[in-house]
Each structure stands twice: as structure tokens, then as C-alpha cells.
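Q: Quick one: structure below, then a few questions.
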Amino acid sequence: WPHACSSVVVTVGDDCCALVWMPHLSVTQQSHNSLQRLRNIVTFPAVSDTPISLNGFNLAHDVIDPSSRPSFESHPPSPAPPADADFVPREQWGGKYEFLLSCMGYSVGLGNVWRFPYLCYRNGGGVFLIPYFIMLIFTGVPLFLMELSLGQYGAAGPITVWKCCPLLKGIGIGMLCVSTLVCLYYNVIIAWTFFYLGSSFQSPLPWSCDAPANAYLCGNNTIQNNLSGNTLTSVPCSHSLLTGHVCLFVCSSDRVLGVVNSQGLDDPGPVRWPLALCLLAAWIIIFFCMLKGIRSSGKVVYVTATFPYFVLIVLIIRGATLEGSLQGVAFYLTPDWGRLASAQVWNDAASQIFYSLGIGVGGLLSMASYNKFDNNVIRDCLVITIGNCSTSFFAGFAIFSILGHMAWRKGVPVGEVADTGPGLAFVAYPEALALLPGSVFWSILFFLMLFMLGVDTLFGNMEGITTAVLDEFPQLRASMKQKSLFLGLLCFGFYLMGLLLITDGGIYWFTLIDSFATSFGLIIITLFMCLGISFFYGVNQFCQDIIDMICLCPPWCSKVLLYFKACWVFCTPFLLMVS
């Protein structure tokens, strides 16, 4: 960090050369590199009346003019100091698009598809966009930029980067803990996606009333919903109202979620082995995609980060051609201005910003640490945050246009077929796809999109964990064998712990971690990160660091930094404390 690092300034006449210690190099390497640069850049004249200064002090004439010094016996030049044996060079992204796509894929996750549309219609439709964008402007974007800048300037992971202020190293440890919990349950979602993706290759779909195995379910009059305690009524499939929902709920709950065979957290029951195999396959894919670090995951994101956009566009176009789609879109966006006075609306907006952008988990910081030092971090921040929130908004059209068609087919209000979280992604929406012509194709496309969204987000979370550990133990980077062994043991450990979440009562543990283990913790972590950088490290110094990174800083960058400085000192900490 510049204020804690030494520098040498050599002045020859009106020319100046500054040699600055770089924070990511060892002392031995810095000394050698600085001396070599001094030899290459500065050439002293044989005889000159021009004063030469070193760090502001004029050098004596015998230093300037070698002829004025007594002659000594010449000796061969001394060899350069040996490099630090523990130093292992860090990787860098193959290009700026790899970093942008990785961050975009990390931020655009399952929450954009299954959480934002539900929160939007539950909290007043289009009115929810007002608190959402206010929280985005004053908390989301400033914290996103802070985390990216911290990682890129420090060139280190969530723990090692706090060498700038060792007092705040606990923030990095907190990021590591939250990231561990997120990885634990996030890959379970990918396992569910694998299960449904494999089932989607059957025709008819296993959760539709056209499937022979569901004939007796569709004919039943009542089926108990153990998750909510409600009783759902159905009629024969030929006159379906809620029949498809009943069939799908029983299929997904019994065969995937398993809640019908568990009474709560204290009754996990046996492991569901089809899901255990799906979970194992998911971790094997993650292992091989991350085996070579960003060199491998940076190439994978060219597919995984762009494919979901293709699917969303296709689903929006298909949904717009369906009868009743406008009913669903109206339900999604109809404003209820009275909801603005509810504190719950503002709390949901804040939680969605954290959930969607992935702030405070350490993934952004770790990915930015592999950037080139002069990368324009402000530009990247604006592109990623705007793209992420735009994706959330447009995903609502893809979801509710098809849910509106399902409600029209059944003759019920849209609110009765809408759901949130796993209920939307694995119950309501697949059922709506089952009603479309060519349902197998649409189902495969949808669950493939969910898989891509989940894998991208998990890349970022896993990168936060691996970077933190490898920076603390750099000897693991020296050997591909050691690094592969560490990554393999990490993935296998997560697999063993994840088995608890795919038991009969695993959905209760999943909900517990998703609802309580991450939300409040992220607010605490980001609050202390914001206060630590602003008041311990110094907000003026931090802004100067950002300007130093952007060598050719456009005029608008320095003006935008004034806004971010005000947010980091006043607005963002205040909103975090009240939320």
C-alpha cells in the first residue's frame, strides 16, 4: 500500500524518475527490480553542472562525476539477489471479457429468476422498483466498487488483502465463513436441477397429469400439503383447475424435497440416493472446471454466462405469444403505492441487492485480485451492476408471462399459481411449462438455464474460498499436484456436508441456512468493511488508490468518485445500520 511503502525519487535537471515498492512483490524482488530499473532509466552524465538530487537532497560532486573519485581496482558486478523462494506469481485473467463475464455470471444467479419477480409482485408490483433502485444506488453499487477495488489494488484474497489494516482481518474470515455456507447449500440446488433436467428427457414429463404414474394423483379429491398445512382440492385432469399443481407438488416434494416424510429439523431421515448421485456429479463438474483456477473457469464462463440470456430471450418471446400472458405481466407490475410505507418492502429491497450482487461473500474481491493493476474498475462496476439488475427486471417478464398463461388455462388468479424460491423454480414454473406444446423441449431449456446460473455463482463463491486459503499458504500454488489435492479435498468435504441437505428433512436445513445464516451476516460484514475502509484506512487514500489504478482516468471517473466517497462515509453505513 503506497502510504506504507518506500519509494525512491531520482531527479536529473528537470526530469524525475520514481521507483515505488509494489505491495504484491517480496522485498528481495523489489530491491532487485528497483535497482535494475534505476540502471536502465537513469544515465548519469560524465561531467555536468546540473545538480542531481536523490529524495530531495543534492548529491555530492564526487558521486556525480566518477573522474573526481579515486580509482579502485575493478571487480566484476555482483550477482543479483536471489528471488524469494516462497514467492509464486499470481495468475491473471486471459482478457478483460473473462473477468466481466465471470463477475456477471457470479452476480446473475438463481435469485434473479426465482426471487426478484416474486418480491416485486408481493411488494406492490412496479412500486417495488423504487426502493430497489434506491438501495442499489446508495448501497449496492458503492459496496460493489469497494470490494472490486480492494481486491484489484491489493492483489490478494479476502484474508490477505487486509494487510493494509490488520485490525480488520476478521472481515476476511467472516467472508470465508459465509462463502462456505453458501457453497454448502448452493450446490444442492444444482443437484435438484440435475434431477429435474434428467427427468425432463421423458415424454410425457413425470410431473404432468399425462404421465401414467400420476393418474391416481390427478383423480384424488384432496391432497395434504405438509409444507404449509393447507389442503388442496383437485378434480379430474380432463377438467383441471389445480390438478397439475397437485401432481407436481406431490412429485417434487416427495421425490426431491422429501418434506412429506419428515417432521422437522430433528427428523432428517435417510439420504435420498438419486439426489446424492446428482450432488456428486455437480461437485465433480465444479472440481474439473476450477482445476486450473481462472485459466479454466475463465473459459467456461463464455458459455455459462451467456447461455441464460439466450434462454430468457426465447422464453420472453414464447411467453408473449401465449393467451393470458398480459394478465401475468400486469400482476407482476401493477403498482400498489401504499406498500411504500411498509418497512418490509425496504428490507426486501436491501436483502435482494445483497442476494443478487453477491456482495460481502469474498467472491468479487477474489476475482478482482487476478485483474491487471491498471484495469478500469469503475467502468466494470457500472457495467456489471446495471446488467445484473436489468436481468432481474426482464426475467420477471419471462416468468410471469408463462404463469399468466397457466392461470388463464386453469381459470384462477395469477396469485394462486405464483410462488417463491424453490417453489417457483421447481414447482410452479415447470408445471406451467408442462402445459405448453413441446413441453419436453421447454423443460430441458429451462433447467439447463438454471444449471448455468447456479454453476456461475458457485464459481465465484468457490474462488473466494480457494484464493483465501492459497494466499495464506502460497506453497500450495507451487505445485499443480498440491493445488489439485487441496481442491479435491475441499469439494469432497462439501459433498459430505451437503448430504444432510438431501435427506427427507433436508429442505428444513436448506431453508434455515438460506434464511438466517447468510442475510444478517452479510450486512454485518459489509458494514464493517465500509467503516474500516472509510475511517481506519482512510477514504481519501482509498479514492487515490483507485485513481492510481486507472492510469488514464477519464474526467468523469474522478467526478464519480466524489459521489462514491459520500456514500462510503455517510449514506451506505446509515442504510446498512437501519436495515
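The backbone N, Cα and C atoms fix where each Cβ goes, glycine too.
No curator has checked TrEMBL annotations; they are predicted automatically.
Taken from TrEMBL, the feature transmembrane segment applies to 99-117, 129-150, 171-197, 271-291, 300-320, 353-370, 382-403, 432-453, 485-510, 516-539, 560-578. Annotated Na(+) binding site per TrEMBL: G105, V108, N112, S356, N388, L453, D456, in sequence order. For C209-C218, the entry in TrEMBL reads disulfide bond.
Buried or exposed, and what's around them? Tell me for each listed feature.
A: In sequence order, S107, V108, G109, G111, N112, R115, F116, N388, C389, S392 are the residues near S356 (Na(+) binding site), counting only same-chain partners six or more apart with C-beta under 8 A.
With a cut-off of 8 Å between Cβ atoms, the residues of this chain six or more beyond the transmembrane segment (129-150) that come close are 103, 120, 161, 340, 345-346, 349-350, 352-354, 357, 359-360, 364-365, 368, 377-378, 380-382, 384-385, 389, 393, 526, 529-530, 533, 542, 545-546, 549, 564, 567-568, 571-572, 575-576.
Same-chain residues lying 6+ beyond the ends of the transmembrane segment (271-291) with a Cβ under 8 Å from its Cβ atoms: 187-188, 190-192, 194-195, 198, 255-256, 258, 297, 300, 455, 458-459, 462-463, 466, 484, 487-488, 491-492, 494-495, 498-499, 502-504, 506.
For the transmembrane segment (300-320), same-chain residues at least 6 beyond its ends with a Cβ under 8 Å from one of its own Cβ atoms are 98, 101-102, 104-105, 108, 289, 328, 391, 394-395, 397-398, 401-402, 404-405, 436, 442, 445-446, 448-449, 452-453, 455-456, 459.
Distant neighbours of the transmembrane segment (382-403): 100, 103-104, 107-108, 111-113, 116-117, 120-121, 129, 132-133, 136, 140-141, 144, 309, 312, 315-316, 318-320, 322, 325-326, 328-329, 331-333, 352, 356-357, 414, 417-418, 424, 428-429, 432-433, 436; these residues of the same chain sit at least 6 beyond its ends, with a Cβ under 8 Å from one of its Cβ atoms.
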Q: Given the cut-off of 8 Å on Cβ pairs that are 6 or more apart in sequence, determine whether the transmembrane segment (516-539) and the transmembrane segment (432-453) share at least 3 such pairs.
A: no
Q: I want to check the contact list for G105 (Na(+) binding site): same chain, sequence separation of six or more, C-beta distance under 8 angstroms. What comes out?
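A: V301, T304, A305, M452, L453, D456, T457, F459, G460 - these are the non-local Cβ neighbours of G105 (Na(+) binding site), listed in sequence order.
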Q: Ranking the recorded positions V108, C209, L453 by other Cβ atoms within 10 Å, which is at the bottom?
A: C209
Q: Suppose the Na(+) site is G105, V108, N112, S356, N388, L453, D456. Which further residues of the same chain have a Cβ inside 8 angstroms of that site's Cβ centroid?
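A: Here the nearby residues are M104, Y106, S107, G109, L110, G111, P308, T391, T457.
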Q: Mind checking which residues of the chain, 6+ beyond the ends of the transmembrane segment (485-510), have their Cβ under 8 Å from one of its Cβ atoms?
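A: Contacts of the transmembrane segment (485-510) (Cβ under 8 Å, skipping residues fewer than 6 from its ends): 183-185, 187-188, 191, 227, 257-259, 261-265, 267-272, 275-276, 279-280, 283-284, 286-287, 290-291, 422, 462, 465-466, 469-470, 476.
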